[in-house]
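J.: One structure is given below, represented as structure tokens, and several questions about it will come after.
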Amino acid sequence: MNTESIASSLAIRGIFSPDSSDDACRSWSADDAASPLTGSLTFHKLMTYISAAAAVITILTTGTLAIGHLFIYRQPRLQRYLVRLILTAPAFAICCAIGVAVYHATPYILPWAELYEAFALIAVLTLMVNLLTPTASTGAEQLIFFARPENGGTATYVKCEFMVFQLLPVRFILTVAEIIISAAFCIGSTANHRGHLVISIISGISTALALVALLKFLKRHIKELKTRDKTIVGKLVCFKLIVAIQMIQRIVLNILSNANVLNGSSKFSYHDLNVGLGPFLTAVEVMLIGLLMIYYYWPGQFRSRQLGAEVGKGDVSQVKLGVFAAAWDVVNLMDVLKGIVRAVKAKAGSSSRTGGAKMMSPQQRFDEPPQYQYQQYQ
């Protein structure tokens, strides 16, 4: 196929041209031609206005929290991950507001917000680990803590870490696949519906594995975590609400779309229901969660060394970092990439030693735990 034919094919799919022929893809202009709800106000305009307002509120509330942490950045091992969790709400709010306003861009923008969700889930686990091991300076020292039988043992921790960190590479592959499917198949086509449904199911399974692992970890260490940070449960609930709602909402909307329930009407166009409704609901949901974050993520607990020492029991820097240094510490994702490598190596080492471990007594397995090569948590 030559370059001209490829460009023509892409244009038909609405990537380069918003108006495609009726015999190829659904026409954006035709499907957006819904009757006004009242006056000149269409459902699309209404969703756009509400989504934009919700995004502004979310940015103001969560932005205040994030900037507040950067100005009193005394505990990098904790605040780095708190800020990353806070930024989940505005990431979704901005992408969803754009997705509602410009339907053509929706299939190519929303997947990136969902990809960030994986970084945030990893931040949840790392935050809890650092709270439980305030004096540990390396991953190996943290592993010693979790190797104790009362803390679940090495195998349990390695499995939990792997289940959480697997989400990022899986989600990255699905993000690329989703964008390719959106570019290759017309919105509304059977191939597009089926492709997105398969991606939703795989993403849901991967996310569920990570969430279950995190919930088990939280249940096992809940008492000690509360002694380190009294609001830790509220912090985690705020974020997990975003993840859980997204996972359920995406699967439900895909099923309804495949069942031809969202075909539209005179007041609600096809693209209003199949493209705009999902991000619209998400924009409103993250706004509400952003307001809830004000209580649980307020940076006041770190405003002085004395108060900061109460969170993490003494793990507090002698001096706070500057704003720009703190911001760089948050956006530098090398700790995440190292964590993925560490989790894969630890899981592979655990699996390769399973046979030999079965021949050892429980006491021998504890006295001589496998020596995994752990890199330092940043």
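The backbone N, Cα and C atoms fix where each Cβ goes, and this holds for glycine too.
Grabbed the feature section from TrEMBL, which reads as follows:
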- 46-73: transmembrane segment (TRANSMEM)
- 85-103: transmembrane segment (TRANSMEM)
- 115-133: transmembrane segment (TRANSMEM)
- 172-191: transmembrane segment (TRANSMEM)
- 197-215: transmembrane segment (TRANSMEM)
- 236-257: transmembrane segment (TRANSMEM)
- 277-298: transmembrane segment (TRANSMEM)
- 351-378: region 'Disordered' (REGION)
J.: Of the stretches 46-73, 85-103, 172-191, 236-257, 277-298, which racks up the most C-beta pairs under 8 Å with the transmembrane segment (197-215)?
T.: 236-257
J.: Within the same chain, where does the transmembrane segment (115-133) have neighbours whose Cβ lies under 8 angstroms from its own Cβ atoms, ignoring anything closer than 6 residues to its ends? I mean 6 or more beyond.
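T.: Beyond its ends, the transmembrane segment (115-133) has Cβ neighbours at 77-78, 80-82, 84-85, 87-88, 91, 141-142, 145, 160-161, 164-165, 167-168, 170-172, 175, 207, 210-211, 213-214, 217-218, 221, 224-225, 228-229, 232, 236, 239-240, 242-243, 246, 311-312, 315, 333, 335-336, 339, 377.
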J.: Looking only at residues six or more beyond either end of the transmembrane segment (85-103), which have a C-beta under 8 A from one in the stretch?
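T.: Residues 28, 32, 44, 47-48, 51-52, 54-55, 58-59, 62-63, 65-66, 69, 109-110, 112-113, 116-117, 120, 123-124, 127, 235, 238-239, 242, 246, 271, 275-276, 279-280, 282-283, 286-287, 289-290, 293, 297 contact the transmembrane segment (85-103) from elsewhere in the chain.
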